[in-house]
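Listed in TrEMBL:
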ACT_SITE  94  active site, nucleophile
ACT_SITE  182  active site
ACT_SITE  184  active site
DOMAIN    209-404  domain 'GMPS ATP-PPase'
BINDING   236, 237, 238, 239, 240, 241, 242  ATP binding site
Ligand code: XMP
């Protein structure tokens, strides 16, 4: 790949930031998303960050997330009391709630009052800041061992459960609030409302953050970062790279060149979408490299999935670098930037970081200096996937691009179990196009996370069609429901839609005489068959 160096990208400051302090166990990302759904900008910080550093970010409020520890466990994360004395409104959830309680002199003990899952909550102060306008009996999502039995001095207890006397408290004067449950989880029926009450009523924040602000801020930041130099962006056909490219195009216009490597493993019409629809919507300079022959040749005779992946990855880098070289040799200002569609979850999962990351790599293509350095432009670093889609829509990208379901980089190459050949790719493209068409017609696109369509090229079975026996391949349908692709369940699709897809594929696609449905969750099955 290419190389990029570290240079500080202009920091896009968000005056109304709410910090979500991450105590582990993946709750923080969900909380940060819920805060943004309330139209308030949020960022995640690790619980190990010194309080002074958190306060230096000038947050409008701080939320303490849940976490897997007991507050009494050795080595459990703690918080400096100064956090609660800075005059910044704080909302503790679950572990964060217990930490607030113990730090400020309340009592949390292991009294056997464990609660997991949906739990009835009784609100004792209906007009409280957090609970106003919500029912006195509501269902919340609990996940705790220890429980709070006495609130700190100055706090009012606002809710309880059958086994937990203090399930929520607040100190309105000091702007400190807490709930034992997880308001960020959908099963907490009024969770979003309680969170919004904290943000708007408790912390007095105006809900005015939108993805429209992001576009304006990023356009300004990209212009400042790139100046009058040039940038390159690799388009994969996926949502992230398309939206990143569209944003950068809006900022610097013809100083950006997009590169699309057509590896011949795309689904039907997808290359055309990039070539026509993306360019029509953005006006971007696009360099399309048709490398399908090269990929097919490199894949000839290979059935092992890992080897296929390696070959596709290697060829992709070579072709992309060749295209870079050609762009570098064109007349014009220095090409100093590489645009990437890195998202906020990528940043959080790789341990945060506020500066600009850089890529360094050695080139395989003759003619490029050994070590070209590109500075990265990552305009989506602050965004979650759903926000990226919103930004894309606002930038005028068509739904087919913005609402596209996940598709693996190696494309149909890993959806053919067996050797990849041109005929097999064409066959799979037809079957896949039928499945996609019928899913869209049935209005199921948004219910299904993705639906790989797989060709078992090494399997044949006997069938009967017309008045003759056939010996054809099976096609596998793999519709899954998921939140993040880490785990997934098979989608309970309507039988009539399955029937229609099956009938059409066996009628319309030569050499396919069976359609089967994959009813395996992940784990143990992966989403893709390879
Ligand atoms: P698995 O098959 O591991 O897939 O359950 C999880 C998710 O990742 C996608 N996937 C890929 N995406 N490059 C990508 O950009 C890849 O090489 C790749 N392999 C799998 C897969 O489609 C699913 O959404």
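Cβ from N, Cα, C; glycine included.
All annotation found in TrEMBL is predicted automatically rather than curated by experts.
Locations of recorded TrEMBL features on the structure.
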residue	record	contacts (Cβ under 8 Å, 6+ apart)
94	active site, nucleophile	27, 65, 66, 67, 143, 144, 179, 180, 181, 182
184	active site	27, 30, 31, 34, 93, 191, 195
236	ATP binding site	409
237	ATP binding site	260, 266, 270, 271, 273, 274, 404, 407
238	ATP binding site	341, 404, 406, 407
239	ATP binding site	341, 385, 388, 389, 392, 401, 402, 404
240	ATP binding site	341, 342, 343, 380, 385, 388
241	ATP binding site	233, 234, 235, 339, 340, 341
242	ATP binding site	235, 274, 278, 341, 392, 397, 401, 402
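Residue 182 (active site) is surrounded by 22 other CB atoms, counting those within 10 A of its CB over all protein chains shown.
Other residues of the chain with a Cβ within 8 Å of the Cβ centroid of 236, 237, 238, 239, 240, 241, 242, the ATP site, are 235, 243, 341, 401, 404.
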